[in-house]
Amino acid sequence: MSVWAFFAFFSLFLSLSVRGSAEQCGRQAGDALCPGGLCCSFYGWCGTTVDYCGDGCQSQCDGGDGCDGGGGGGGDGDDGYLSDIIPKSTFDALLKFRNDPRCHAVGFYTYDAFISAAKEF
């Protein structure tokens, strides 16, 4: 029984002492700037929406009304060179079981969502 108590205590100690901090910018990340001119949110995350560039924005802001450039890459459905790098056929081959009915995330991983997310970097 004491082995289990030790294991439980040790696990609790590790979980409390090893905190996963993944902030990307600002005071939370040693005053690092976001790549591509993205805004750094109050909480230390990079992005282009008002959540990142609005009140509390730490760096690369334009006064809280949006961002001053960088990031995302346009709308209009034009994915530019990304579709040349990773065409839909490659995406389908990499994630060929993503629409398996046994999976909980059926339909979640789409090519368009992937391209949209990739354009943010």
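Backbone N, Cα and C define each Cβ position, glycine as well.
As given in Swiss-Prot:
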DISULFID  Cys25-Cys40  disulfide bond
DISULFID  Cys34-Cys46  disulfide bond
DISULFID  Cys39-Cys53  disulfide bond
DISULFID  Cys57-Cys61  disulfide bond
DOMAIN    23-63  domain 'Chitin-binding type-1'
REGION    78-121  region 'Catalytic'
SIGNAL    1-22  signal peptide
For the C-alpha pair, I'd like the distance in angstrom between Cys61 (disulfide bond) and Cys46 (disulfide bond), rounded off. 11
Rounding to whole Å, the Cα atoms of Cys57 (disulfide bond) and Cys40 (disulfide bond) are apart by 6
DSSP residue counts for the domain 'Chitin-binding type-1' (23-63), split into helix, strand and coil: 10 helix, 8 strand, 23 coil
What average pLDDT is reported by the model for the domain 'Chitin-binding type-1' (23-63)? 88
For Cys40 (disulfide bond): intrachain residues, at least 6 apart, with Cβ closer than 8 Å: Gln24, Cys25, Gly26, Leu33, Cys34, Cys46, Tyr52, Cys57, Gln58, Ser59, Gln60, Cys61
Starting from each candidate's C-beta and looking 10 angstroms out, tell me which of the disulfide-bonded residues Cys34, Cys57 has the most other C-beta atoms. Cys34
Per-state residue totals over the region 'Catalytic' (78-121) - DSSP helix, strand, coil: 20 helix, 0 strand, 24 coil
When neighbour density is defined as the number of other C-beta atoms within 10 angstroms of a residue's C-beta, which of the disulfide-bonded residues Cys39, Cys46, Cys53, Cys61 has the lowest density? Cys61
So Cys25 (disulfide bond), by the Cβ count within 10 Å over all chains shown, scores 25
